[in-house]
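Student: What follows is a single structure, and I will ask about it in a moment.
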Amino acid sequence: MDPLLAKAIVVAASAVGAGLAVIAGIGPGIGQGFAAGKAVEAVSRQPEAQGLVIRTLLVGCGVAETTGIYGLFIALALLFFNPLVNLL
Amino acid sequence: MDPLLAKAIVVAASAVGAGLAVIAGIGPGIGQGFAAGKAVEAVSRQPEAQGLVIRTLLVGCGVAETTGIYGLFIALALLFFNPLVNLL
Amino acid sequence: MDPLLAKAIVVAASAVGAGLAVIAGIGPGIGQGFAAGKAVEAVSRQPEAQGLVIRTLLVGCGVAETTGIYGLFIALALLFFNPLVNLL
Amino acid sequence: MDPLLAKAIVVAASAVGAGLAVIAGIGPGIGQGFAAGKAVEAVSRQPEAQGLVIRTLLVGCGVAETTGIYGLFIALALLFFNPLVNLL
Amino acid sequence: MDPLLAKAIVVAASAVGAGLAVIAGIGPGIGQGFAAGKAVEAVSRQPEAQGLVIRTLLVGCGVAETTGIYGLFIALALLFFNPLVNLL
């Protein structure tokens, strides 16, 4: 088989894989929005706690972000330093 | 094998990958809408807290937006500075 | 290889990619509907706050709309100023 | 290559892309239904606020409808004034 | 190429596209069901408000139905007055 065709198949599948990977971002998007909603609720009830609320929100969102970053990392790996092509 | 066919396969998969990537936007859309709903609830109950509420809403939505931007970035990378074509 | 077939493969995938991209609209649709539901609840309880409520609703929905617009932009890019065909 | 096959591939993919695009309608359907449910709740509790409630409902649903219309627009573009066939 | 094969490819993809398009019906199905549930709740609590509740329900469900109709329209267009076959 032609090595070029082999490469083309792998690289093409990497493009689809990169797109699929960042779909993981659905999760943090929903979760962080929920947390933001609860933070809004909290600061409106206790305005004096705003600093505390936003700090807690950011800690929680930082944790929730991780899986989105996993998706981004896999997508970037597939696009910019594709390790699969070297396996051929 | 014809290099043109190889390129065509990769570029075609990039179009599909770009479309898949922005599907990540489902997450921020749901999450930010939830946060907006809570903000609406909060300002109707404590109108005097409106400035505080909207500021907290925007901080939270900024965090939730990030994964949507990851998707957009991967899509733009696939469309406008496609790094995969150079791997062939 | 025939350049026409190469183009056809890329353009066909662009049609599928454009369709996939606007699926991102699921998110804002759900989120903004939730926010609208909360706004309805709020104005029925405090009719005098209607102006404030609708303004806050529109701010929140504007933020939630962004990822839907990302999807629309990628779809329009694939349909109307397709950058991928030039990569061949 | 036969130009007819090239056209057939692109037009066939446009049919699939159009079908995918209107799947975006899942979002507004869920969101507007939620808003309608909250409106029903509100008018049964405060029947005198019905006009206000329905007006707020329609404002919110108008915003939520936008991403569904993005999907419809891309689908109609693919079916009725297909710009991709001209790229061949 | 055989024009019959070209037509077959397009018509086959139209069948898939039509099937994908009506998947949009998931949204109104969930949303209107939620609204109907809230209506049932409301009339059981305030039976005298039944007329008002059902009228509000129908307004809301009419709005939520629209994106399902978009999907149906695209599916019907693909099946009964397929504009894509004429593009060949």
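Backbone N, Cα and C define each Cβ position, glycine as well.
Copying in the features that TrEMBL gives for the protein in this structure:
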- A:6-31: transmembrane segment (TRANSMEM)
- A:16-77: domain 'V-ATPase proteolipid subunit C-like' (DOMAIN)
- A:52-81: transmembrane segment (TRANSMEM)
- A:Glu65: site 'Reversibly protonated during proton transport' (SITE)
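For each feature listed, report its degree of burial, its nearest neighbours and the pertinent distances within the displayed model.
Tutor: Listed as Cβ neighbours of the transmembrane segment (A:6-31) (distance under 8 Å, sequence separation of 6 or more from its ends, same chain) are residues 61, 64-65, 67-68, 70-72, 74-76, 78-79, 82, 84-85, 87-88.
Confidence over the domain 'V-ATPase proteolipid subunit C-like' (A:16-77), given as mean pLDDT on the 0 to 100 scale, stands at 95.
According to its DSSP assignment, A:Glu65 (site 'Reversibly protonated during proton transport') is helical.
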Student: Which residue counts does DSSP yield for the domain 'V-ATPase proteolipid subunit C-like' (A:16-77) in the helix, strand and coil classes, in that order?
Tutor: 61 helix, 0 strand, 1 coil
Student: Let's check the environment of A:Glu65 (site 'Reversibly protonated during proton transport'): how many other CB atoms sit within 10 Å of its CB?
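Tutor: Total other Cβ atoms inside 10 Å, all chains included: 23.
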